[in-house]
Structures are given as C-alpha cells and as structure tokens.
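Chemist: First, the structure itself, so that you have it in front of you.
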Amino acid sequence: MNQVNESIPQEFILLGFSDRPWLELPLFVVFLVSYILTIFGNLAIILVSYLDPKLHTPMYFFLTNLSLLDLCYTTSTVPQMLVNICSTRKVISYGGCVAQLFIFLALGSTECLLLAVMSFDRFVAICRPLYYSVIMHQRLCLQLAAASWLSGFGNSVLQSTWTLQMPLCGHREVDHFFCEVPALLKLSCVDTTANEAELFFISVLFLLIPVTFILISYGFIVQAVLRIQSAKGRRKAFGTCGSHLIVVSLFYGTAIYMYLQPPSPNSKDRGKMVSLFYGIITPMLNPLIYTLRNKDVKGAFRRLILRIFLIKK
C-alpha cells in the first residue's frame, strides 16, 4: 500500500522551458494575448450566431459548437500556464493534472470529429444544394454534434484511465507546459510500449480517419464548384470552404505531427511548441479565419453593433 501511495505524487512540476528563463517573458505575453483574443473572438461568434436569425443554420450551429470547444479547450490549460510562468514553483496538483488531462483530451478528440462533421455539412450544401434542408435537418445536426461530444469524452475516459494507471514511482517532473498523455507516459517507471501502441491506434481513429473523410468530401466539393458556371458562385463556395480547410490544416497538421510521429529525444522541445500551436494558437485563429473570410458573419456583426448603438441612442 505504501508503494502505491509513493507512486502517486501530490503534485507535478511542469518544467516547460524553465531551463531557458529568457523565454518566459515572451511566452507569457504570447499566451496572455492569445488567450484574451481566444475568449473575445469565440464569445463573439457564439453571441452573434445566437442573436442573428440569419445565422440559425447548420453551418453556424456547428461553428458555435467549435467556438465553445475552443473556449473550454484553452481555459483548461492557459490560466495554469500563465500562473506557472510567473511563479518560481511551477507546480500543478495531482487532481488539477488529472482534470487538465481529461478535459484537454475530451475537447481535443471532440474537435477532431466536429471538423469532419463540418466538412460533411459543406459537402451537402454544395454537392446536394436542393436537398440540403431535407438532409441537414435540426435533429440530424443535434445527433451529429452529440455524437462528436460523446465520442470525444468517451475517448478521454479510456485514455486518461490507461495513462493514470501507469506507476510513476515518485517521478513528478513533467517536461511540458501542461498534463498531456505523451509527457505523462515518459514519467512511468515501467514499459509503456502497450500504452504507446494504444495511443497510436486511437490517434489514427481520431486524426487520420477524419482527415481522410474531409479530403474525400472536399474532392467532391471541388468537382461540384468547378461545375458552377457563375464566377461569383464559385468564389462564394470556395470562400466558405476555404475557411474550414485552413482550420483543418492548422489543427490536424500539428496534432498529427505530435501524436503520430515516432518518439525522439531530439524533438522534445519541438513537440512542446507544436502542442502549444494546436492548444493555443489554433483556437485563437479560428474566429479570425471564420469572420475575416465570411461575409455573413461580418454582416451579422455589423447588424449587432448597429442594434446596440440604436438601443443606446
């Protein structure tokens, strides 16, 4: 019993880049600015999608889900990272680490599936426009969103349980900014080959299969768009799909690099930066990508601002 207790530390030390203190101030500024932009950008999309009746469509329903995901996704890690950068003791409690691991895994897995669902929505809208309202009815949208959330949280329960069952034998220095599966597996004092194989298999399910589905969907979409005779219609179709493709490339590209590359001691710092990219930078960029490239969202923002201005008058 004492051995079991000793294998579970009361707290973890999150090393981050503590061996390079000159990086801490620039990182603090980047994290803080990114987090503020993420909060305001995603809240704005949720608010305008809810208040503007013209945005009560499947596309913006899924976009609202994505914004909510990104809000919770960054909030599970960034505040603790900001505190640790400012502190000499860069620690997180065992319970905090477990919660961070579970939430980060759940929301990350959900986003993998939700982006694939969003590509299906674009496929139906462009390749089957006459049947769009029939196929993408409210019930199906709710079912697809619920399936994404439930699958993501189910995956998190499995992976978190497998990871936390590994004996740590007193090791508590996590060479990362937050509690993530690959970093925690490195603390184990037993062979983790089986866990790494399970992680690889699940990563294939939640990363490679959705990416393949997205690429196939966009193959059909490109064919359909090229058949549109109107140049304005082609630009509008490519505009709405282009935003989604940029988000997909940023998120999946960095996640695949992190979870599906062979482990290498030389790439540990690179892995930290990559995880920061899909954990912080991508959620910040999503609202900018969808608003700057989307006339409907920009128009909804203008109408909302005008309504607020008239109320104040």
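Note that Cβ sites are derived from N, Cα and C of the backbone, with glycine treated the same way.
So TrEMBL has the following annotated:
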type: TRANSMEM; residues: 25-48; note: transmembrane segment
type: DOMAIN; residues: 41-290; note: domain 'G-protein coupled receptors family 1 profile'
type: TRANSMEM; residues: 60-78; note: transmembrane segment
type: TRANSMEM; residues: 98-120; note: transmembrane segment
type: TRANSMEM; residues: 140-158; note: transmembrane segment
type: TRANSMEM; residues: 200-226; note: transmembrane segment
type: TRANSMEM; residues: 238-260; note: transmembrane segment
type: TRANSMEM; residues: 272-292; note: transmembrane segment
Chemist: I'd like to know if the transmembrane segment (200-226) touches the transmembrane segment (60-78) in this structure, counting it as a touch only when three or more C-beta pairs sit under 8 Å and are separated by 6 or more positions.
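Modeler: Contact criterion not met.
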Chemist: With pairs closer than 6 in sequence left out, are the transmembrane segment (200-226) and the transmembrane segment (272-292) joined by 3 or more CB pairs under 8 Å?
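Modeler: Answer no: the transmembrane segment (272-292) and the transmembrane segment (200-226) share fewer than 3 Cβ pairs below 8 Å.
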Chemist: I need to check the long-range neighbours of the transmembrane segment (140-158): which residues 6 or more away from its ends have a CB within less than 8 Å of a CB in the stretch?
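Modeler: Residues 58, 61-62, 65, 102-103, 105-114, 117, 120, 202, 206.
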Chemist: So what's the average pLDDT for the domain 'G-protein coupled receptors family 1 profile' (41-290)?
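Modeler: Value for the domain 'G-protein coupled receptors family 1 profile' (41-290), mean pLDDT as a whole number: 85.
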